[in-house]
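Participant: Pasting the relevant annotations from Swiss-Prot:
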{"type": "BINDING", "residues": "Gly112, Thr113, His114, Gly115, Lys116, Thr117, Thr118", "note": "ATP binding site"}
Amino acid sequence: MKHIVKHIHFVGIGGVGMSGIAEVLVNLGYQVSGSDLTSNAITDRLAALGARIAIGHAAENIEGANAVVVSTAVRSDNPEVLAARHRRIPIVPRAVMLAELMRLKQGIAIAGTHGKTTTTSLVASVLAAGGLDPTFVIGGRLISAGANARLGTGDFIVAEADESDASFLNLFPVIEVITNIDADHMDTYGHDFARLKQAFIEFTHRLPFYGIAVLCVDDPNVKEILPFVSKPIIRYGFAPDAQVRAVNVKAHDGKMHFTAMREDAAPIDIVLNLPGEHNVQNALAAIAIATELEVKDADIQRALADFNGVGRRFQRYGEVPVVSEGKASGAYTLVDDYGHHPVEMAATVAAARGAFPGRRLVLAFQPHRFTRTRDCFEDFVKVLSTVDALVLTEVYSAGESPIVAADGRALARALRVAGKVEPVFVDTVDEVPDALSAVVRDGDVVITMGAGSIGGVPGRLAQETKV
């Protein structure tokens, strides 16, 4: 074909969603270029793989491209988008490009408001342990692979399905997982929860007649859509009607021990190298898929026991010195987490309590988006009130305009009125290390949490407190 696509350009290539697709395309032999406002470890990795990276957005960056990939975060007046439109170069939404990758293999798409990244990583790890060598595209760095994407030689591609902009409706996988359905990104759905649930129903309708929907029946909203799912279903969770069900669940030494009861297979004893009952649910989804694909029980057990986690999902940085007057006076345990919705945060706090019983829990939290802070304000107050000490920053806007009474200071005031925790408020994440040093004690567990720039803080804490 004269117009065959050889060169694909990514606008915003340094993001986790875009970079994973770019890496797979590089490994498939395509010429890949991309731009972003700043360089980071992701862009450095892609450059080392052979992608051409430009820092800053400019029309000349798309020179020679046959297609330009954009995410919903890219503005329509971006100079590269304008240049592509002027030159009649196809502008391809990220989800459409992911759908094209899925057409090359059998797709396994992981959807849900919470837990997508961890569940996708668990599924990919279990299939890899079973010798299926899957391709994966994950919204976080799989620590064992050192990357958020990999091109495998097997028949399957495992990827996250993003409901935040309804782009998951572009995908046509053969296996789907829905972990849960919660009120988030409601602007996309006109603040109508029924529309959000309908989108998930439509997502299941993308399955072929031989496809399977793997659904967490512990979630009441997932349970409500069951009658509208027309394809075969595997139910998982703690619920009595789950076909893949966890029993005898115990937390020990930061790990979860349980037995997975399976409707069409023998029970299997699991040691999961992650804390928290929510991660037991995530592991059950992986067990359900692995069982369906005839992965051996020993391989399932090994993959879950050896799972090293995902970057910024309860990522442990180890012991960090408590420094006083230039001298170490004990140490605290540092954990970093991407949680930014009250439901996710509550699960992480519960996991920390289970993993570190009896220890004081200190949270440094950066709220993400003014709209989410407004929509979930009371739930934020409730979950933030459950920690022992709190450092709270201003909201990371993610491009949104401020909303009155939905900022960090408003949250701090509401927390003081609630009276269960006295927040230390700081305007920027740059102030977090000093604020933490004033409240942290020997033996504490410190969690840095949020989806914004606070992700850079734990590395600083680990470095700056060396003595």
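Cβ coordinates are placed from backbone N, Cα and C, and glycine is handled just like the others.
Not measured: the values here are computed from a predicted model.
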Participant: Would you mind pulling the DSSP three-state label for Gly115 (ATP binding site)?
Facilitator: coil
Participant: Long-range neighbours only, meaning 6 or more apart in sequence with Cβ under 8 Å: which ones does Thr113 (ATP binding site) have?
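Facilitator: Those within reach of Thr113 (ATP binding site), by Cβ under 8 Å and sequence separation of 6 or more, are Glu163, Thr179, Asn180, Ile181, Asp182, Ala183, Asp184, His341, Val343.
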Participant: Counting other Cβ atoms within 10 Å, pick out the least crowded of the binding-site residues Thr117, Thr118.
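Facilitator: Each of the binding-site residues Thr117, Thr118 was scored; lowest Cβ tally within 10 Å is Thr117.
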Participant: Cβ within 8 Å of the ATP site centroid (Gly112, Thr113, His114, Gly115, Lys116, Thr117, Thr118 excluded): which residues?
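Facilitator: Sorted by sequence, the hits are Ile110, Thr119, Thr179, Asn180, Asn282, Glu344.
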Participant: Across all the protein chains here, work out how many other Cβ atoms are within 10 Å of the Cβ of Gly115 (ATP binding site).
Facilitator: 24
Participant: Quick one: among the binding-site residues His114, Lys116, which has the most Cβ atoms sitting within 10 Å of its own Cβ?
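Facilitator: Of His114, Lys116, the one with the most crowded Cβ is Lys116.
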Participant: Including all protein chains shown, what's the count of other C-beta atoms within 10 A of the C-beta of Gly112 (ATP binding site)?
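Facilitator: Its Cβ shell of radius 10 Å holds 23 other Cβ atoms.
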